[in-house]
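Notes follow the structure.
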Amino acid sequence: MRSIRKRWTICTISLLLIFYKTKEIARTEEHQETQLIGDGELSLSRSLVNSSDKIIRKAGSSIFQHNVEGWKINSSLVLEIRKNILRFLDAERDVSVVKSSFKPGDVIHYVLDRRRTLNISHDLHSLLPEVSPMKNRRFKTCAVVGNSGILLDSECGKEIDSHNFVIRCNLAPVVEFAADVGTKSDFITMNPSVVQRAFGGFRNESDREKFVHRLSMLNDSVLWIPAFMVKGGEKHVEWVNALILKNKLKVRTAYPSLRLIHAVRGYWLTNKVPIKRPSTGLLMYTLATRFCDEIHLYGFWPFPKDLNGKAVKYHYYDDLKYRYFSNASPHRMPLEFKTLNVLHNRGALKLTTGKCVKQ
C-alpha cells in the first residue's frame with residue numbers, strides 16, 4: 001500500500017513539473033515571437049497565427065486593425081525591406097531564366113520534386129528571354145491583383161488601371177469584371193494547371209481558340225509560367241509554348257529561376273513568417289519590392305466571409321472552393337494575409353480589401 005502511494009506521489013509531482021515547464025516554454029516562445037526582427041522588420045506572434053478565424057468573428061476588433069483612409073507610404077521601411085530581400089534574391093535576375101541558362105536537350109530537376117527531371121525542349125528554349133524581362137525597369141506605383149471574390153462590387157477597376165505597372169495572377173479573366181478588377185495587365189502569372197481548369201485541357205479547337213484569344217489581349221506583356229516547379233504540368237507547358245509559337249503571339253514569356261521559390265521562402269522564414277510554400281500573391285509582392293517604389297495590393301482575402309459576415313468567393317470569376325485552414329494545403333494564406341496587413345499598417349504597402357474611392 002505504501003509503495004502504491006509513493007508511486008502516485010511521484011507521478012503527481014512529475015505531471016506538475018511537466019505542466020509548469022510547458023507553461024514556462026510557452027511564455028518564452030511567445031515573448032520571442034512577438035519581438036521584431038532586425039531593424040524594424042515584421043514578426044508575427046503564435047497567438048495571432050493560431051487565431052486566424054477570429055478575423056471573421058471579431059470584425060473591427062484589435063485582431064484585425066486595418067485602415068485605408070489616411071494611409072501613407074513609409075519610404076524608409078520600403079527601402080529597408082527591398083535591401084533585406086536582396087540578401088536572398090534579386091528579382092531582376094530570378095524572375096526568369098534566360099536563353100544562356102540552358103540549351104535544348106538539357107535535363108533539369110524539378111524544384112519541388114528533385115527525384116523527377118524535365119528535358120528542355122526546343123520550343124521552351126526558343127521562348128526563353130535573351131535578358132530578364134524586368135532588367136532596368138522601375139515604377140513609381142504598382143498594383144498586385146489577387147483573385148479573391150472580395151473584389152466583386154469593389155469598383156476598384158479604374159484605380160487598379162491607374163498604376164504604372166499591374167501584376168495579375170493565374171491568367172484571371174478581366175474584361176467581364178473590368179469595373180471591379182480593371183483590364184491593364186503588364187505582368188501575368190499562369191500556373192500550368194490553368195490549362196486544364198480554365199481551358200478544358202485544350203481538348204478541342206474552341207478551347208485552344210479561347211486561350212489564344214486571351215493571350216492575344218496581353219500584347220507584349222510578360223507571361224510568367226512556373227514550368228519547373230513540379231512534375232505533372234509539363235505537357236500543358238509544352239502545349240502553351242506550341243500555341244504561342246504557332247500563332248506568333250507577341251506576349252513575352254518568362255520562366256522563374258530554379259532558386260526563386262526557396263529564396264522567397266527563406267526570406268519570410270527568416271522574418272518569423274512560417275510559410276510552407278509562398279502563394280503566387282506573396283511571390284509577386286516579394287518580387288515587386290525590387291522594381292516598385294509603392295506597392296498596392298487588391299484581391300487578397302483568404303477567408304470565406306468578409307468582416308460583415310457576407311460570403312466571399314475564393315475566386316471572383318468561378319465557383320472553386322478552397323479550405324483556407326487545411327493543413328494539407330501547400331500555402332498558409334491566412335498567415336500571409338496577416339503578414340501583409342502588418343506591412344500595410346506600417347506603410348510598407350497598401351492593402352485594399354473594401355470598395356475603392358472613386359477618383
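Cβ from N, Cα, C; glycine included.
Per Swiss-Prot, active site, proton donor/acceptor is recorded for H331. According to DSSP, H331 (active site, proton donor/acceptor) is assigned to coil rather than to any helix or strand. A 10 Å cutoff on Cβ-Cβ distances gives H331 (active site, proton donor/acceptor) a total of 19 other Cβ atoms nearby, all chains included.
In the three-state DSSP reading, C142 (disulfide bond) counts as strand. Sequence-distant neighbours of C142 (disulfide bond) (same chain, six or more apart, CB under 8 Å from its CB) are H163, N164, F165, V166, I167, A288, F291, C292, E294, I295, H296, listed in sequence order. Under the heading disulfide bond, Swiss-Prot lists C142-C292 (among others).
Look at Swiss-Prot and you will find C156-C356 (among others) tagged as disulfide bond. Counting only residues at least six positions away in the same chain, the Cβ atoms of D180, V181, G182, Y298, T352, K355, C356 sit under 8 Å from the Cβ of C156 (disulfide bond).
Annotation source Swiss-Prot lists N-linked glycosylation site at N50 (among others).
The N-linked glycosylation site feature in Swiss-Prot is assigned to N74 (among others); the stated evidence is experimental evidence. The Cβ of N74 (N-linked glycosylation site) has 17 neighbouring Cβ atoms from other residues within 10 Å, across all protein chains displayed.
Taking Cβ-Cβ distances under 8 Å and a sequence separation of 6 or more, the neighbours of N119 (N-linked glycosylation site) in its chain are G105, D106, V107. Classification of N119 (N-linked glycosylation site) by DSSP places it within a strand. According to Swiss-Prot, the feature N-linked glycosylation site maps to N119 (among others), an assignment based on sequence analysis.
Following the DSSP three-state reduction, the secondary structure of N204 (N-linked glycosylation site) is coil. Sequence-distant neighbours of N204 (N-linked glycosylation site) (same chain, six or more apart, CB under 8 Å from its CB) are absent. The N-linked glycosylation site feature in Swiss-Prot is assigned to N204 (among others); the stated evidence is sequence analysis.
Taken from Swiss-Prot, the feature N-linked glycosylation site covers N219 (among others), and the record attributes it to sequence analysis. Around the Cβ of N219 (N-linked glycosylation site), the same chain contributes K250, V251, each under 8 angstroms and 6 or more positions distant in sequence. Classification of N219 (N-linked glycosylation site) by DSSP places it in coil, neither helical nor stranded.
The topological domain 'Cytoplasmic' annotation in Swiss-Prot covers 1-7 and is backed by sequence analysis.
Taken from Swiss-Prot, the feature transmembrane segment applies to 8-20.
Cβ neighbour density within 10 Å is lowest for C356 among the disulfide-bonded residues C292, C356.
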